[in-house]
């Protein structure tokens with residue numbers, strides 16, 4: 001095998017850590033470059049850039065996953081990491097090209113899809129959830145630490161050093177894949193010829209979504225995920241920019257905010273989630289997480305003071321238990337060899353939200369005329385960013401963040417739908433659906449597993 005040692009989860013962990021550590025370093029410089037490049041309608045352009053990237057990732061992920069089944073994981077890890085990190089050095093060379101390449105890089109920016117497939121190749125069914133948890137925790141840890149480091153270096157030495165360092169970390173990641181990562185897909189699992197056909201069903205990004213309506217329980221779960229993750233995806237794309245330029249956080253405070261909320265989220269998803277699942281049950285944990293999400297979005301929407309953002313951030317950390325609880329509900333109540341079907345639908349819906357959410361948030365900011373016109377004046381005076389709602393007669397003094405209130409309404413609908421999800425007596429009909437190994441459509445099943453295509457419901461109430 002090419003690489004160092006046998007393929008392991010730790011190879012995947014290092015790849016993910018380095019990629020997102022590089023991007024985390026750029027959190028502070030990117031906010032500045034974004035406004036300098038698009039001084040008018042900054043939030044709208046930010047939403048469109050991330051929206052295009054998210055939609056392209058959603059459309060391309062199944063095809064890349066299917067191709068990796070034929071040609072192996074290593075080459076596609078190299079491809080996805082390279083194109084995901086390609087925009088980094090362009091930040092200082094040409095900001096316009098930087099944002100253009102970010103948008104188009106969505107075609108290949110699906111490293112997680114290939115990583116999940118890589119992990120599935122080398123783990124047994126009972127080990128997989130732990131392995132995925134380790135990968136996800138590593139991703140969170142990289143984003144907790146790197147923004148603070150990037151903010152400090154930017155303040156002390158300038159943005160250019162941060163961009164150079166991030167580019168170096170990205171190159172290190174590419175070198176690690178080339179030299180150290182062994183191929184995980186066994187030779188006997190790969191076709192003899194590289195010309196092996198890829199079916200449209202394998203490459204169709206909407207394939208998993210078409211199965212949503214075949215079972216009422218699955219439909220309720222997927223609607224819940226869509227309505228709750230849509231505002232979450234939009235929030236991720238614009239929130240740090242919002243804190244920096246509208247609320248008045250300094251670069252260092254934004255980095256500290258990311259670190260604190262990230263650490264609290266990790267604690268919530270490990271310690272608190274386990275306690276809640278044992279004490280109040282799976283469904284009630286989901287409902288509680290959605291309740292916390294409604295509260296934090298409403299607080300973000302109406303809050304105009306920094307302390308309100310910190311308080312809402314603590315609530316946001318608690319709301320992070322929702323998706324793990326939903327995944328656990330499917331995982332615990334479905335047959336181990338079939339749960340990937342429903343997990344794949346949930347993953348597909350989240351991918352769709354990653355494209356729609358940022359565009360929606362950017363458009364709502366634009367509709368409510370939330371702009372960053374004061375940024376240049378404030379920085380010239382050498383002060384921290386001035387809140388955009390200082391004038392009490394301004395409509396933004398009443399509702400500083402309109403998209404967050406739209407998000408709260410969406411999550412409220414999600415909560416109402418989740419009330420109807422049955423918690424017990426769920427069983428997945430064995431062999432009801434054919435599964436594929438691309439990580440974009442499913443990251444909870446073995447790539448070697450298969451079954452017959454059928455039209456039976458995915459989940460059924462066994463009491464019927």
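Backbone N, Cα and C define each Cβ position, glycine as well.
Given the structure is predicted, the values throughout are model-derived calculations rather than measurements.
TrEMBL assigns the feature transmembrane segment to one of the listed ranges (76-91, 188-203), namely 76-91.
Range annotated as transmembrane segment by TrEMBL, chosen from 404-421, 422-439, 440-457: 404-421.
Outside the transmembrane segment (284-302), and at least 6 residues removed from its termini, the chain residues within Cβ reach (under 8 Å) are 224, 228, 231-232, 235, 239, 273, 276-277, 308-309, 311-313, 315-316, 318-322, 325-326, 329, 399-405, 407-408, 411-412, 414-415, 418-419, 421. Mean pLDDT for the domain 'Major facilitator superfamily (MFS) profile' (8-425) in this predicted model: 80. Here the transmembrane segment (254-277) has long-range neighbours at 27-28, 31, 137, 140-141, 143-145, 147-148, 150-152, 240, 243-244, 284-285, 288, 309-310, 313-314, 316-318, 320-321, 324-325, 328, meaning same-chain residues at least 6 beyond its ends whose C-beta is under 8 angstroms from one of its own. Scored on C-beta pairs under 8 angstroms, the neighbour of the transmembrane segment (43-64) with the top count among 76-91, 160-181, 218-242 is 218-242.
Packing against the transmembrane segment (351-368) from elsewhere in the chain are residues 41, 43-58, 61, 205, 209, 226, 229-238, 395-396, 399, 402-403, 406-407, 440: each is 6 or more residues past its ends and has a CB under 8 Å from a CB in it. For the transmembrane segment (12-31), the partner stretch with the highest count of Cβ pairs under 8 angstroms, out of 97-119, 131-154, 218-242, 308-330, 404-421, is 131-154.
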